[in-house]
Amino acid sequence: MDETIKLLNKAESGLSGTIVVPGDKSISHRAVMFGAMANGTTNVSGFLPGDDCLSTIACFRQMGVAIEQEGDKVTVEGKGLDGLKEPNGVLDVGNSGTTIRLLLGVLSGRPFHSVVVGDDSIGKRPMARVTAPLRQMGAQIDGRETGNKTPLSIRGGQTKAIEYTMPVASAQVKSALLLAGLQAEGETSVTEPQTTRDHTERMLHAFGVKVTTAGKTISIQGGQSLQAADVVVPGDISSAAFFLVAGCIVPGSRVHLKNVGLNPTRAGILEVLKRSGAKLSIDEQVTTGGEPRGDMTISTSELSPFVIEGEEVPTLIDEIPVLAVLATQISGTTIIRDAEELKVKETNRIDTVVGELAKLGADIEATDDGMIIRGGKPLTGGKVDSHGDHRIGMALVIASLCANGPVELANIGAISVSYPQFFEHLQSLQ
């Protein structure tokens with residue numbers, strides 16, 4: 001864990017300016033993976049060169065795929081699924097939950113042996129939700145806690161299609177099963193309890209694969225091949241979220257965000273902001289590769305408390321840390337529930353959000369499935385820690401902009417996982 005400490009101070013004036021947020025992390029991962037599995041050359045622009053997505057590139061290079069990456073441009077020379085070769089060493093996913101879970105789906109259908117590892121945080125995250133259904137499909141997967149924890153050993157091969165009902169909504173699990181189903185005999189169908197982000201389905205379609213959706217059931221026929229496609233990655237709404245919240249709560253602010261992804265399965269934060277009374281406008285909307293994008297402007301707003309629950313949770317699961325910061329600045333009680341999934345992110349985000357914001361004087365309490373925030377009380381300075389979780393780190397930086405006193409943030413290095421230019425962009429608005 002990066003021990004670097006940064007001293008943060010209250011914003012002296014309103015935030016003002018224009019930011020092009022980095023490429024969407026979810027889409028960047030998938031563009032590289034699908035390009036590596038496809039026949040032909042895939043060109044990716046707008047790629048997020050953060051640590052997580054670079055882990056995906058490294059893993060596929062180890063399986064013999066030629067990938068060139070310079071800044072936000074990536075070229076992948078795919079030779080089809082059969083072009084993937086048995087790796088010589090272990091596949092290290094670093095801190096990336098997306099990489100490991102989707103990779104397990106790919107590896108399950110490949111006729112070779114592989115071992116997947118990650119960092120300490122990955123070593124604590126549950127993998128049985130992916131490995132159990134993949135085993136049902138015929139993959140041989142072993143690991144600590146009977147395949148629940150890394151390192152994981154996968155001996156793939158001919159898998160069979162299944163009909164699987166997911167107990168917990170997870171786009172990563174859904175995607176892993178669809179990628180395994182692509183290689184299986186027959187039609188695999190996955191039913192989710194709540195609709196989750198659908199980047200995998202949209203991008204498979206762009207790569208020439210037929211995926212059908214009926215209600216909350218997604219089906220894929222095995223034996224289809226991917227054809228290379230060029231991918232233009234929109235800006236990541238999860239990264240934009242930090243500046244959307246900052247623009248709302250720092251007095252005298254007006255912030256423009258360009259080229260932000262507006263996929264409805266990810267845009268829950270926009271609905272919450274509108275509901276709460278934010279001065280938010282969205283324009284210049286276009287769609288490329290099945291992914292909508294647009295420009296947005298946010299200014300300081302008088303906001304009302306809000307409730308987040310049920311079907312809305314998967315559409316903003318990664319934005320809850322910064323929405324909790326927003327809630328501390330709104331008079332009244334904000335409630336977040338049905339968000340148990342936060343417990344299995346890079347940290348237990350219920351505990352870390354509540355624990356760290358409480359250190360800054362927030363009136364906030366954890367519940368079994370979320371949190372209750374009684375806002376409107378000024379935040380104070382204090383010592384806080386990202387716990388190696390990029391989204392916690394950035395949320396605490398936004399909190400510091402409103403704190404009456406300096407905030408000392410430990411483990412800032414984690415932020416580079418998804419937003420390497422975060423501090424540079426924040427500085428440009430001040």
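All residue numbers here begin at 1 and follow the chain in the order shown.
Cβ from N, Cα, C; glycine included.
Note on Gln172 (3-phosphoshikimate binding site): other Cβ atoms within 10 Å of its Cβ, all shown chains, come to 22. Positions annotated as 3-phosphoshikimate binding site by Swiss-Prot, on the basis of sequence analysis: Lys25, Ser26, Arg30, Ser170, Gln172, Asp318, Lys345.
Using a 10 Å radius centred on the Cβ of Arg125 (phosphoenolpyruvate binding site) and all shown protein chains, the other Cβ atoms total 19. Residues or ranges marked as phosphoenolpyruvate binding site in Swiss-Prot: Lys25, Gly97, Arg125, Gln172, Arg349, Arg391.
Per Swiss-Prot, active site, proton acceptor is recorded for Asp318, and the stated evidence type is sequence analysis. In the three-state DSSP reading, Asp318 (3-phosphoshikimate binding site) counts as helix.
Reduced to three states, the DSSP call for Arg391 (phosphoenolpyruvate binding site) is helix.
Here the C-alpha separation of Lys25 (3-phosphoshikimate binding site) and Arg391 (phosphoenolpyruvate binding site) works out to 13 Å.
The secondary structure of Arg125 (phosphoenolpyruvate binding site), as reduced to three states from DSSP, is coil rather than helix or strand. Proximity to Gly97 (phosphoenolpyruvate binding site), judged by a C-alpha distance within 10 Å, picks out Gln172, Lys345 from the binding-site residues Arg30, Ser170, Gln172, Asp318, Lys345. Reported as a whole number, the C-alpha separation between Ser170 (3-phosphoshikimate binding site) and Arg125 (phosphoenolpyruvate binding site) equals 14 Å. Taking Cβ-Cβ distances under 8 Å and a sequence separation of 6 or more, the neighbours of Arg349 (phosphoenolpyruvate binding site) in its chain are Ile320, Pro321, Leu342, Lys343, Asp389, Arg391, Ile392. Each residue contributes its Cα atom, and for Lys345 (3-phosphoshikimate binding site) and Arg125 (phosphoenolpyruvate binding site) those atoms are 7 Å apart.
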